[in-house]
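Listed in TrEMBL:
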ACT_SITE  A:Cys321  active site
ACT_SITE  A:His380  active site
ACT_SITE  A:Asp403  active site
BINDING   A:Asn443, A:Asp445, A:Glu492, A:Glu497  Ca(2+) binding site
DOMAIN    A:313-406  domain 'Transglutaminase-like'
REGION    A:1-41  region 'Disordered'
Protein chains: 2
Amino acid sequence: MSQSEPETPKKKVSFRGRSNVPVAASNAEGEDSPEFEPFGLMPRGPPPLAEFLDIWDVNMLAQPNEINKREHHTSLYSSPLLIVRRAQEFQIRITFNRAYDPSKDQFLLEFVIGSSPQTSKGTYIPVFPDPDRMGLWRGRVLDSIDNMVTVGITAAPDSIVGKFRTYVAVLTPYGIRRTRREVKHDVYVLFNPWASDDAVFLKDETERKEYILEESGVVYHGEAGDVSARPWNFGQFEYGVLDACLYVMDQAQMPITNRGDPIKVARKASAAINSRDDDGVLVGNWSGDYTYGVAPTSWTSSVEILLTYATSKRPVCYAQCWVYAAVFNTFLRCLGIPARVVTNFYSAHDNDGNLKTDIIVDEDGRVDRARTKDSIWNYHCWNECYMTRPDLPPGFGGWQAVDATPQETSDGLYRCGPASVRAIKHGQICFPFDAPFIFAEVNSDVIFYKRDKSGNMQAVKVNTSHVGRMVLTKTIGGEHPFDITSQYKFPEGTEEERTVSKKAEEYGLGRQKVDYPETDVQVDILVQEVSVGDDFQLTLEFKNHSRDHRSINAFINGYVVYYTGVTSDEIKYKTLKVTLDPLQTERVTVDVRSKDYMSKLVEQCNLHFIVTGRVEEGDQIVSAMRVITLHVPKLFIKVMGEPRVSEETLVSVEFTNPFQFSLDNVYLRMDGPGLMSPKIKHFSLISPNSSVTWPDSFTPRRPGPTKLMVTLDCVALRQVYSQVLLNVKP
Amino acid sequence: MSQSEPETPKKKVSFRGRSNVPVAASNAEGEDSPEFEPFGLMPRGPPPLAEFLDIWDVNMLAQPNEINKREHHTSLYSSPLLIVRRAQEFQIRITFNRAYDPSKDQFLLEFVIGSSPQTSKGTYIPVFPDPDRMGLWRGRVLDSIDNMVTVGITAAPDSIVGKFRTYVAVLTPYGIRRTRREVKHDVYVLFNPWASDDAVFLKDETERKEYILEESGVVYHGEAGDVSARPWNFGQFEYGVLDACLYVMDQAQMPITNRGDPIKVARKASAAINSRDDDGVLVGNWSGDYTYGVAPTSWTSSVEILLTYATSKRPVCYAQCWVYAAVFNTFLRCLGIPARVVTNFYSAHDNDGNLKTDIIVDEDGRVDRARTKDSIWNYHCWNECYMTRPDLPPGFGGWQAVDATPQETSDGLYRCGPASVRAIKHGQICFPFDAPFIFAEVNSDVIFYKRDKSGNMQAVKVNTSHVGRMVLTKTIGGEHPFDITSQYKFPEGTEEERTVSKKAEEYGLGRQKVDYPETDVQVDILVQEVSVGDDFQLTLEFKNHSRDHRSINAFINGYVVYYTGVTSDEIKYKTLKVTLDPLQTERVTVDVRSKDYMSKLVEQCNLHFIVTGRVEEGDQIVSAMRVITLHVPKLFIKVMGEPRVSEETLVSVEFTNPFQFSLDNVYLRMDGPGLMSPKIKHFSLISPNSSVTWPDSFTPRRPGPTKLMVTLDCVALRQVYSQVLLNVKP
């Protein structure tokens, strides 16, 4: 909701006449229920209540080792309050002033969320411990010993997810007496992937462990042929994170009644994780200037971001796609929706409504930079979440793509999904939400146009396999990438791929239909791994597939690019003339020197090389593209001894500046789930070839396997990180 | 786009690194093309150009009576510039310095829209007058006489809709010479319902005349049994309106490249016509307090609203549903998308995700106002627009529902549609956009719950035919209502209706499934038409369908309500005891006096009566609901003589205050397409039973049938209007 819109100042007035009550859209708000609610007139004041049940104590059984959190897989949450999942029984123990007598005593539990609670909206839920009085939630007396009654309660499988206020109430002939509102009686109800009638049910226990309970993960980035894995602390169980996630929905004014539907929750969050439109969590910034915030490459954890947002109540600066995806992942796992981060390598962008990215070359075959305006992101991260899709025909449940990065053109608004991954694979892009946009991200063609002097353009070459080269997510239980490309599309050249293409075209997402000139000459760019500061060689391999001679006039252009594919500076331009005998293969090497690019590098150190050329015989265009992500120097982390719960452990982080120039204003961040809150260390200067050491310590909070991760960030050098796996002893 | 979002001030910086160029989203912006664009190096300055063609004049043939506007059905637009439609040839006449010689001269026309024009985006369109050089738009030389060449140009059927800059360019061996940019050479390209390959093609000429060319219309309101028709001046051809409509899209930052797709244009406009989220055209206000703006009931025309918006660049105050629908209608017809305003009587609201509206009665059968929070709008207006739906499976083209009124819960954002009306009728609500929301507006059940003292609720009665009682739009070519209910749903009780219900349920929009107690007693509320200030009688008709005696304890509640169904004040409460013999019908009359309601009335003068009761025999609940819209006093318009083009015509408007109280601060507005700009008259006081006269005059601008309409508005009396049909002589 925009703060500046003219309607806002009048909001308190203007719902009058339009609806009976404002829509409840805040979990944080809500009135306390009265302690006595009379049934009718009481001419001489409240009656004697002594003969009726009196409530002495309500025990939510909320300790991490007690039955509720153990059985509901919520023991990891750092919260003193009860946290349970839908469609699964939890227990509350009530102590009365005397033994409960079902034949004459009547009591109930009331669960209330938001303002203006209503039974029919699922925001006021009375639960009678009586199988004959079934409401939305089931209740039964589990045992009754002396004055103590243990009640079993099962929230409906489609219950609203959020924080409910709990009351115990006794019915008397004069009215209802209920407990006073106490914060410690509040209960969080979450989605339940363990329950078969919950929309987010996930059958496999190892998958539930990974996609709900796993607190750390990796985000893949870099280049399709040279993938890097950046560690991330999702921290969905850290103190305050669950409340922050509820605050995200409150801030986005999401109606309480919609919060039981994982489709709506995921869709709303895809808008609310970014700050556009609604003052959501993260401000995007791709400019390279992060002066008044944290550089996107510097973060290690969603925890710091979500807690800062919930505390400051202002969007947090800054994010790029993996930060959005990582925070979104925390949000989803925290609320109990199975989720994972995925990375699409060579992700087409700005292609709403068509399936092509244009590269324009002049009559000589050289790239016309001024007219080539589309970009392909080297990689783009989004999320998948797991749920049924009752709003769609059968077959489209399962993993759903959602994207919180504010790209330009998702239905004109800054949100995206959920789109059924299976629907994308099968070209069934007519179903909500935003399937055409994601379909284009993995399926666009790269089309080379030749532009003559008079401005006439002709499509001369198409590359159908560049975009959506590979989609990766983390392996369950491991650190290795799991290739899920085949979940997004059928293999290139298969019958199924053609069928899908036709289907997408029926829905208006057509490929460019052109008869491209036949080509019999091929060029590829070969390169080894390169570190920042290295001189290196590119090898261009020209292959003549024909039985004739071929002469090629080729150009190689090298640019420094952002990871979004946007060009910064040119670093290389060279013309080549290659002649090939029939069926000959010829290799040409091109030297790239450190001094060519070092002063021009932008964050993430990507170089983009394009070879284009014209074959003299016939009207052929040859082309090849390659992104090279230069490797950055490493950080070294040394942990002294074996970490144990509640024992201080020493750690040191070392870094050597390998460059011929100084690094200024260097920030290091250290983080680890269950180990520490993020720590920050600042070095104002690291001189050329000199080393710095950051000695520090941490005190683990709980046993088991975890990670310690460190990032280094400064203007001249970003995306430097390292991690060590630790197993904390009890 | 919110003005307060933190990203905005940095916008100029932050697209850097994210995309090569900012997305062109303004038709108003754009650089002028250079007059000379060299092909390469010119070592000794510009060459002699004398031998090449020189352009002396470009004539857009833009007079209303010339071929272009006549053939393209755009003569009515008050604009000196050329306005044409897609997929249909228009002509431009170019005068050169000498005769054009196709064998050696080369020239082209360039059409350019927005900033950063690109051929591949359809924002830079070169057109060669040569059938062999086919671009997106076709060009050919129609004739060539002396120095003058007439070129025929046909915009692509999916061309971007908006205002293009036109250049004529001559190719020389040294470079391109083009005309200087001149505003008078700009051309508007619109959607074309006359062209079979345009997505908005409409076959029937009488329909095209109504849904594109008709400038005045009516909006139905009131009550299903007593419908009133409010006149409206859509004014889509008035001076400045077309530019204002383009400004609406600019202000909403709609990417230029999306503006050729009527689905995207309609969807974006459904968001941009209201001020929520994006500072769109109209601020909603249902509060009754319109001090700093114009009361929604006071407007007569979209023209004043759109021109005010485009000039002030601020949202206009105030609107309710029919104002949104009327302005949206102007927008759609102005751009060439066939459109009409529809009114749904008893429109359910606030039902996203379920199909019910709850009315809660206590154990005695009396309405529990405190707990009944849902509302049903007496009527709600939205729009339909006509187009193909290539994004959906076959069969869902045709009329599409779109709604610009910012209701609370359309996917969490203030926009709605386009949703295929046929998909809604068939329960195929899985397709975009917002079909479930509109489905619920016409199909919700009204469910009566009995709530016992302990808060336990039981559904006891359902009314499945109250909501969506009737959907009306104006008859083609006439003033009468055309009932289109059957386009939204199958008749109650048919096999098809049950199938649709099941289908909707499959998509998660389930009806409440309850075994309601059988009822054999029925009650209906009968009433005559009533004018404001009248004492009147309600007749309650109780029918006993059983062969036993029945005793009914009934309550009648009367309220003043807003047209949104929201309750203001109680005006009547009465208990009744009725006993019925087997199969007997008994009528009971209830008196309602003027003094009961006069001081409590709110705008639009709606009274809402609910009868509820309990039958002593068995567990039956009886109920009936009825809205009464009190008739307001009339305005009398007298036009002197026969109006003729450019001749002053006298008119007088008379009004008598029939009440026992004064009317303060009374505003009258007079308007008429082709007759005048809106005129306003203010009376600071109209005493009880006294009359006022407003003599004025107008000078018709064009011949043909039209309307003169007048509204009267003050705090105590709204929705007073009148119209006269006129036929202006040439």
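Cβ from N, Cα, C; glycine included.
Unlike curated entries, TrEMBL annotations are predicted automatically.
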Cα within 10 Å of A:Cys321 (active site) - qualifying recorded positions among A:His380, A:Asn443, A:Asp445: A:His380
The domain 'Transglutaminase-like' (A:313-406): DSSP-derived helix, strand, coil residue counts: 15 helix, 38 strand, 41 coil
A:His380 (active site) and A:Asp445 (Ca(2+) binding site), Cα-Cα, nearest whole angstrom: 17
DSSP three-state assignment for A:Asn443 (Ca(2+) binding site): helix
Listed binding-site residues (A:Asp445, A:Glu492, A:Glu497), ranked by Cβ neighbours within 10 Å, top entry: A:Asp445
For A:His380 (active site), the number of other Cβ atoms found within 10 Å of its own Cβ: 28
Pairwise CA distance, A:His380 (active site) versus A:Asp403 (active site), rounded so that it is a whole Å: 10
Distance, A:Asp403 (active site) to A:Asn443 (Ca(2+) binding site) (CA atoms, angstrom): 17
DSSP state at A:Glu497 (Ca(2+) binding site), helix/strand/coil: helix
The domain 'Transglutaminase-like' (A:313-406) [mean pLDDT, rounded to integer]: 89
Three-class DSSP secondary structure - A:Glu492 (Ca(2+) binding site): coil
Fewest other Cβ within 10 angstroms of its own Cβ, chosen from the recorded positions A:Cys321, A:Asn443: A:Asn443
Cβ-centroid neighbourhood (8 Å) of the Ca(2+) site, A:Asn443, A:Asp445, A:Glu492, A:Glu497 excluded: A:Thr464, A:Ser465, A:Gly468, A:Lys489, A:Ser501
